[in-house]
Amino acid sequence: MTTLRLKQGPAATRVLGVGSYQPERRVTNDELSKIMETTDQWIRDRVGIIERRFAEKDELLVDMAVTAGHNALADAGVEASEVDTVIVPNCTMPSPIPNAAAQVADRIGVKAAGAFDLNAACAGFCYGLGVASDLIRSGSAGKVLVIGAEKLTDVVDPVDRANAIIFADGAGAAVVGPSDEPGIGPVAWGSAGDLVDTIYMREHRFIYQEGQSVFRWATTQIAPIAFRALELAGLEPSDVDVLIPHQANLRIVEAIAKKLRAKGAREDMLVADDIRYSGNTSSASIPMALDHMRKAGTVKSGDVVLMVGFGAGLSYAGQVVICP
Ligand code: UT7
C-alpha cells in the first residue's frame, strides 16, 4: 500500500504583531441626523457610537486591507517575504470573484501566497485566526497574515436609519507564526443557520437585519462561547485581562462582560469599547480594537485577551490570545 508523507508543524503559534487602518473621513451622529430621522442621543444610548469612519468612493476594501497588513507586518518586525499565506476575512467584496486575498498579497509583496477570503461575517476574524493557527500547526503554512477588512458603506442603504448609523469601514490585521509557548488558544466556533433570515444581503443589495432578534441572540448565546474558548484554553474567567467582543453594539459588549464577571471575571478586566469611535466594522472590529488598545497603552504585551466574534450566518467564534 502506498503511504503518503505528511507534514507536521510546530505545536504552538502566537500573534506576532497587529495593525489596522481606518479611512480619514469621520462621520458624526449629527451629520447622519441631517439625512435620516435619528438623533445623536438615540445612537449614543442605544448603540454607543459617537462617530465612525466612512471610506471615500474610490477607496476600496483591498486598499484598506493592504495598509492594515503592512502595519501588522511592521509591528511584528516580519518581512512580507517571510509570509506564505494571506487570509482576508470579509463579507463586503463588491463581487465574489476575484477574491481580495490574492490582490492584497500581491500588493503587500507576499509572492505566490496561498490566498483566500473567508466569509463568516462579523465572526470572520476569529475564524481566520483559528484557521491560520491550525495551518501553521499542521505544517501547511509558515507565517500567515490574517486581515479582516470591510467596506460596509457599499452595502448599506445610506438613509436606512436601522443600519446606516451602525456600520462603518476599516481593516484590522494580525501576523501569526510559530511559537515556543502557546499564544493562541483553540478556537470555539459554531453557527445557527436556522436564524439565517435575521441578517442578510440579497443579490448584493443592502444589508437587512432584524435588530432586536440579533440583539437577543447575541446577549444570550455569545457569553457561553466565550466561556467555551476559556475552557478550551484551560483558563478561568478570572485569568482574562482584556475582553474584546465583536463591536456590534456597546450594550451587547457590556452584556457579555457582565456575564463573564458574574462567573468570576475581574472587575478590572478591560472591555473593548472601540465601537464608540469606529462603529461596527464587522470582521475588522476585533483586530482594530486590539490595535487601538495597544497603541493607547491600555493593553500590554503578555495580557490574556479573550476575543469573541458573532454575526450573519448566524456564525460565531472565539479564542484566547496572548497579546504580542
Ligand atoms: O454586527 C452583526 C451583528 N449585529 C448585531 O449584533 C446588531 C444587534 N442589534 C442591535 O444592536 C439593535 O437591535 C439595533 C441597534 C440594530 C437597534 O436598536 P434597538 O434598541 O433594538 O432599537 P429597535 O429596533 O427596537 O427600535 C426602537 C425604536 C423604534 O421606534 P418605536 O417603534 O419604539 O417608536 C424604532 O423605530 O427606535 C426607533 N429607531 C430609531 N430611532 C432613532 C430605530 N432606529 C432608530 C434610529 N434613530 N437610528
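Backbone N, Cα and C atoms are what each Cβ position is placed from, and that goes for glycine too.
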Checklist entry - With the ranges 77-81, 107-111, 247-251, 272-276 to choose from, which does TrEMBL describe as region 'ACP-binding'? => result 247-251
Checklist entry - What count of other C-beta atoms do you get within 10 angstroms of the C-beta of Asn280 (active site), across all chains shown? => result 23
Item to check | Secondary structure of Cys122 (active site) (DSSP, helix/strand/coil) | outcome: helix
Item to check | Residue distribution over DSSP helix, strand and coil in the domain 'Beta-ketoacyl-[acyl-carrier-protein] synthase III C-terminal' (230-321) | outcome: 38 helix, 22 strand, 32 coil
